[in-house]
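Residues or ranges marked as region 'Disordered' by Swiss-Prot: 1-54, 68-95, 968-1007, 1075-1118. Residues or ranges marked as compositional bias 'Polar residues' by Swiss-Prot: 1-12, 997-1006, 1098-1118. Under the heading compositional bias 'Basic and acidic residues', Swiss-Prot lists 20-33, 82-95. Under the heading domain 'Myosin N-terminal SH3-like', Swiss-Prot lists 160-209. Summarising the annotation, Swiss-Prot assigns domain 'Myosin motor' to 213-879. The ATP binding site annotation in Swiss-Prot covers 304-311, 353-361, and the record cites sequence analysis as its basis. The feature region 'Actin-binding' is assigned by Swiss-Prot to 638-672, 759-781. The domain 'IQ 1' annotation in Swiss-Prot covers 881-910, and the record cites sequence analysis as its basis. The feature domain 'IQ 2' is assigned by Swiss-Prot to 904-933, with sequence analysis given as support. The feature domain 'IQ 3' is assigned by Swiss-Prot to 942-971. Swiss-Prot lists 1003-1071 with the feature coiled coil, giving sequence analysis as the kind of evidence.
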Amino acid sequence: MMLSASPNTLAKSSLEEMLESLRQKDECDRPKDMPPALPSRPNSRARLPSARRSLPANFNVSSVMEDQNGSVVSVTPAVEAESERKEEGVKRKEKDLGVKRNSFGSKKMRTGLRSESPYAAEKEEEGVKISIAKVSLVENTEEHNKPESEWNNNVEYFIKKKLRVWCRVSNGQWQLGKIQSTSADTSLVMLSTANVVKVSTEELFPANPDILEGVEDLIQLSYLNEPSVLYNLRVRYLQDVIYSKAGPVLIAVNPFKNVEIYGNDVISAYQKKVMDAPHVYAVADAAYDEMMREEKNQSLIISGESGAGKTETAKFAMQYLAALGGGSCGVEYEILKTTCILEAFGNAKTSRNANSSRFGKLIEIHFSAMGKICGAKLETFLLEKSRVVQLFNGERSYHIFYELCAGASPILKERLKLKTASEYTYLSQSDCLTIAGVDDAQKFHKLLEAFDIVQIPKEHQERAFALLAAVLWLGNVSFRVTDNENHVEVVADEAVANAAMLMGCNTEELMVVLSTRKLQAGTDCIAKKLTLRQATDMRDGIAKFIYANLFDWLVEQINIALEVGKSRTGRSISILDIYGFESFKNNSFEQFCINYANERLQQHFNRHLFKLEQEEYEEDGIDWTKVEFVDNQECLDLIEKKPIGLLSLLDEESNFPKATDLTFANKLKQHLKTNSCFKGERGRAFRVNHYAGEVLYDTNGFLEKNRDPLPADLINLLSSCDCQLLKLFSTKMRGKSQKPLMLSDSTNQTVGTKFKGQLFKLMNKLENTSPHFIRCIKPNSKQLPRVYEEDLVLQQLRCCGVLEVVRISRSGYPTRLTHQEFAGRYGFLLSDKKVAQDPLSVSIAVLKQYDVHPEMYQVGYTKLYLRTGQIGIFEDRRKKVLQGIVGLQKHFRGHLSRAYFQNMRKVTLVLQSYIRGENARRLFDTEAKFHADSVSEASTDELSAVIHLQSAVRGWLARKHFNSMQRQKELRNVATKSKRKAGRRISEDKDIPLEQPQVQPTSMSDLQKRILKSEAALSQKEEENTALREQLRQFEERWSEYDIKMKSMEETWQKQMSSLQMSLAAARKSLAAESITGQAGGRQDTSISPFGYDSEDTMSTGTPGVRTPTNKFTNGNTPELRIRELNGSLNAVNHLAREFDQRRLNFDEDARAIVEVKLGPQATPNGQQQQHPEDEFRRLKLRFETWKKDYKARLRDTKARLHRVDGDKGRHRKWWGKRG
């Protein structure tokens, strides 16, 4: 209910009045055994908005917690209020005591109740329920229930509980120990080594319990202090766990070795959310998810000292984004390969890092609406040009020079006149030509592969290599002093000749430019000889100009290859990898610019994590305890402020021709001595107190490097070179001039001003993104694995403001949404739709429905602020509800689609049936007409074919009869001739004795014997001749009888053949007529689809036709069955016809064989005659009669079946005919 207004409540909003009444009511109803409220971490009272906002009258806030036994109990607002009042009292007493941050007995202390308990409550389940730590439950309970007076003396409490503390020993290291006693400002501490030391109480810091050793996020530490943070990072580092969290900031410690925490398997695990441990992959994944969810550009800002691992971290982030947003175009692979190119041309070995980035880069990766990479854009800042010509001992120039000399092919070396790296002055001056464990030749081959992948043509590659070789040969150009004034001339050797050849200019012109300078005196042009120093600067200036422009041109080519296409949506993730903070023994203009860039990045870091955060809390009226931090704005003012900032004074001095580095140093001391970040030194030196520490600078070379002069004669020489790239560079240089280029002029904009403009442009771009910070830490200065230098790490942590980040993250609200945004995104999750529809009421109702603890959020005037992890709970629930909605919609849409499909299917089938029926009827008419025409033609053709066949058979029979007659005639002639020969032989034998001469009587007996034998042989021959004649007569008689019978048989066969042919023709004509008549008559009332039959002459068995949709009939006899019966009958007719033809052929062949036997009888092997042709003929006739009788019976049956089918067709109508 709503309380009436009173003087005490007039200033309160309606929401506060309602909350107060609910708290009072809960206090009355609170059970006696209610456990004490948990100490709030961070300190928050969930302040509600002022009277401008109001909540529903029925609004109630309650939370849940777990007691010591693990059961869930309710924590009412009254309990929270009582706890808050106790906390306020504790804070007031601690403020009166004056305690240093997390130490004992100091003057100041920024309290957070989290640091007062050695065993603080662990994180809640799902970020909503707070659970008490399961370790030392008894001590935990005692801490919550002990009197407030015990907290007033932390040292006594630690002595009583024998808790561990951190103390700094004489060597500056932190060690664990236990307080033995205390007096005044000193304490006796027993170290873990059993030694007792006396230390200042202010130097004691509480140590965390063992359960918190090596936690992933520093926020989880019960006591937040420098030794605890150092120890936690050290434990993880020695376990090769190099990534930790400090609230929203990822801390990456360089392991200086390969660790097995990368690769496709790990990438897949983070993509699928299987792993959530701190990792650069996790940061990249969070940036990608936020980009897709919020549709806002993201940025990964990687910072740290030189050698801390920024470049490698950036490569791993790009690797993850390439895997996450990889598409079909393959641009992500090109993006990864750009790193290889940029490292070769922009990285070098320094005293602190073997692969130090000597330029800053921002790579902006663009994504399509589907989250796929569609292109990228690369920006670079302040390449260290001086490294091309000047090196400190133990350092190297850019990697590309050494890789080119080591890995170029013999043909390329011959073309570029290349030698080994040791023969070039620019490379050999530092006595460092190689890097341990690095193969420059192999690196060069990988570079060539990267060039091909990024699609830089071979021609452009060779041009770039030619200019690199020209730079190396320029370094070998030497000078000869010609007079006492130290004027010089160029030595004409192979160095200047090769340099001129590679640049595409005349050797003499190059020598003139290197040794003289043209001055304009009125209308006259005077050539002034240069001194050795001036000539050397001119030579080095040309080399630096060529290399710097070549680097910029290479970046342009990469941007062309990675250009974003039409799929650009404005969504992007930028990765910033810039040189780290540097402080060497000798620090010049380059270190000043690098440290200035890091100061600007630190300000961006402070702005987003401290300034904007706390300003927004205060403006929106939420309860907030301000966190102090070190602001570097004063240092930035020292550098940037006009007109007496360091850069402004540098530009002013650079414009004075007679100004020197000493006059510049004096001017700095004169104008900047009041700034606390500046300290003048003797001579040309001065100190700047940067955020990362104090750096001593030497102004030697500041003015010259800031001017970066380039004489007009040099630009004119480059523009006249045959090399296309040099012409391009000179054209760009002319275009950058703000006024017409005169002979003695150089470009006007100074390097410092240009770099400042680039930084401001970079900051503006980063301001329009959601930043994700990665702080890289260098564990030791020797670049050795498993070496942890606490002082070096602590210095970097202080510079990064890690402890302040953790404090503000503990008590901060990283997620903030306007009431409208929160209600619009999560309002549909409400189960109660009766809630007022204003955004604030909806937002509070959602929080109430999911029992979000008041400590986990605050309600501002315009926004809702949530602790870390709370938004993930609402996103998970929203995702589940949306998935359920989508599933329901899917099933409903599926039901509608299936119903629509079934309806369309029914309509389609009806339409198809009508169309198919019409097509079938048209086809039947066409085939019937064609069949009638083909039948008439077929009958004519068949008649002519029969006549032709008969004529052929008759001719064959006539020829056969003629041949048999000829053979008989030949046999008679042979018999006659044999008779005549026998008669002549007999007459000759009778005449022999008459012709013989007289013989002696002694041989008479022999002659008589021979005569008797001859007579006997003659009589025997006569008898055989008589028998043969008789046999011939009998054969002639039998032949005449056979001839008569054969003629009679042929006549009978021909009659029967004609009769069967006539009967078959009549049956076919009758069948065709009946089929045509029945189908034509039933066209409108039958459902049988028309079928066409083969013509009678071919006797085909095919039955083609068109089917129509089937239908159900009451008598169970479907059209399909009747069609099959009709087809069966027609098949039977075809079968009978084929059988008739086959049988006819068989009988013809048998009869022909009988005739052949009759004409030429042969003897069997045993000498007996074969069976007589008459017997064979009788058997053949019997077989023919039997087959004819059976064939006629089957013809009658088939005819009857045809009549029956025709009757069935007449009794049934087509189903669509009935519908009509």
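In case you wondered, yes, glycine gets a Cβ from its N, Cα and C as well.
Of all Cβ atoms in the shown protein chains, 24 besides its own fall within 10 Å of the Cβ of Gly360 (ATP binding site). Looking only at the binding-site residues Gly304, Gly307, the densest Cβ neighbourhood within 10 Å occurs at Gly304.
Each residue in the region 'Actin-binding' (638-672) gets a DSSP state, and the totals come to 24 helix, 0 strand, 11 coil. Fewest Cβ neighbours within 10 Å among the binding-site residues Lys310, Ala354: this applies to Ala354. DSSP gives Gly307 (ATP binding site) a coil state; it is part of no helix or strand. In the three-state DSSP assignment, the secondary structure recorded for Ala354 (ATP binding site) is coil. Averaged across the domain 'IQ 2' (904-933), pLDDT for the predicted model comes to 92. According to DSSP, Gly360 (ATP binding site) is assigned to a strand segment. Listed in sequence order, Lys310, Thr311, Glu343, Gly346, Asn347, Asp577, Ile578, Tyr579 are the same-chain residues six or more apart from Ser357 (ATP binding site) with CB atoms under 8 A from its CB.
Helix, strand and coil counts from DSSP across the region 'Actin-binding' (759-781) read 9 helix, 8 strand, 6 coil.
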